[in-house]
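Peer 1: To start, I am sharing the structure in question, which I have written as structure tokens.
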Amino acid sequence: MGRLFGTDGVRGLANEKLTAPLAMRLGAAAARVLTEKKSTDRRPTAIIGRDPRVSGEMLTAALSAGLASQGVDVLDVGVLPTPAVAFLTDDYGSDMGVMVSASHNPMPDNGIKFFAIGGRKLEDWIEDEIEQEMGKLPEEGPTGAAIGRVFDQSHSALDRYLHHLQQAVHTRLDGIKVVVDCAHGAAYQAAPMAYEAAGAEVVAVSNKPNGYNINDGVGSTHIDQLQKAVVEHGADLGLAHDGDADRCLAVDAQGNVVDGDQIMAVLALSMKDGGELKRNTLVATVMSNLGLKLAMERNGITLRQTQVGDRYVVEDLRAGDYSLGGEQSGHIVIPEHGTTGDGLLTGLFLMARMATTGKTLAELASAMQVLPQTLINVPVSNKAAIAGDARVKQAIAKAEEELGETGRVLLRPSGTEELFRVMVEAADSATARKIAGQLAAVVAEV
């Protein structure tokens, strides 16, 4: 069996790969690993939250049982965004946090991600320790009063998270009309409430989760619905979140998509103007458009690039004490206000920049020229075999020779799905599509 943890926790088809017994063992093992170095005699606590997909309640119950079996008190915060769970882990002073969500994945999938004390995502070696602990769990645990309990904190938790957002962004948004697509996900309450509290006129769509409709043709991975809604409602912008609301993409008043790279460009320039961009540095990943690097260079900002995954962006932000980072997909991290990507916080800061400058989103986003980019997700059965395949290497070399200095090629495995991602940037869309298609065809044959 391969490594259980992927790039963003444990994910899989609920009740097949990700079962209740597995979740209970994960909870017990995580409790033992993440609370073993606790410095006080206080009973350890864990925050647990989820998105609204149908399997969430089952997995939350199983995880809670595993945690309580090892003497951990569980504070169940209900349906809340992933960044809220990270924040509350720190705000409550808990020893760990758990989010049950498969983010942007389809409803049948689910996932489990853990946060360490302070709301930080786990490093690889800690995840390895949890996996090892799963194989040696004792049959018996604490008894009597030492067994953990489960407490419902859902009502107060939402209020605490909303207060946190209000404290982070002070700029009033009066006069701004925004359509927010909640993806029938974890932000269905929090996002409209946060934006309204800041003064914006809010039109909420895809905000009626029923357990089955999360990410179903809506949200940040299906942004065409938001594009139409923004134009229909005559809004100044639209904001699209995914199932767990750790990402945010935007749409300008004309219905044009403003992706995570462009949002980072807007926020980086805003923070630089305010003297808040530490060492004039922005942290992104290798998937970011070449246009972001060029835009930052024009404005005296250094762009650092990590491997794909917001956890690696966060690690680089922490190591270098930088103040802004993120991904093209819309995971934006502002360490002063959170330990992980926060779609709601991103939306608030983006609208605050519009309010303070008086500029439209289209005007702000024009600071970066997006080079044509084609991304093809190729279903594969053996991700490990692709990178070393001679045919793939030959195809990459040919593509890079054809592109020269006018573009780039990037092939990488998905960390959460059985896919291999083929990305090509070029001077024009036709060339990017052609070369990406050629590479994808080779990958599919392996």
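Here the Cβ of each residue, glycine as well, is placed from N, Cα and C on the backbone.
Annotation comment: Swiss-Prot describes S103 as active site, phosphoserine intermediate, evidence class sequence analysis. Annotation source Swiss-Prot lists Mg(2+) binding site at S103, D242, D244, D246. If you look up Swiss-Prot, you'll see S103 marked as phosphoserine.
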Peer 1: Cα distance, S103 (active site, phosphoserine intermediate) to D244 (Mg(2+) binding site), nearest Å?
Peer 2: 5
Peer 1: Quick one: pull the CA-CA distance for the residue listed as 'active site, phosphoserine intermediate' versus D246 (Mg(2+) binding site), whole Å only.
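Peer 2: With distance taken Cα to Cα, D246 (Mg(2+) binding site) is 8 Å from the residue listed as 'active site, phosphoserine intermediate'.
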Peer 1: Please list, in sequence order, the residues in the chain of D242 (Mg(2+) binding site) that are at least six apart in sequence and whose C-beta is under 8 Å away from its C-beta.
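Peer 2: Residues satisfying the criterion: S103, H104, A183, G185, N215, G219, S220, T221, G330, G343.
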Peer 1: Would you count the other C-beta atoms found within 10 angstroms of the C-beta of D244 (Mg(2+) binding site) for me?
Peer 2: 35
Peer 1: Among S103, D246, the recorded positions in question, whose Cβ has the most other Cβ atoms within 10 Å in this structure?
Peer 2: D246
Peer 1: For the recorded Mg(2+) site, enumerate neighbouring residues of the same chain (Cβ within 8 Å of the Cβ centroid of S103, D242, D244, D246, site residues themselves excluded), in sequence order.
Peer 2: D51, P81, T82, S101, H104, G185, A186, H241, G243, A245, R247, G343
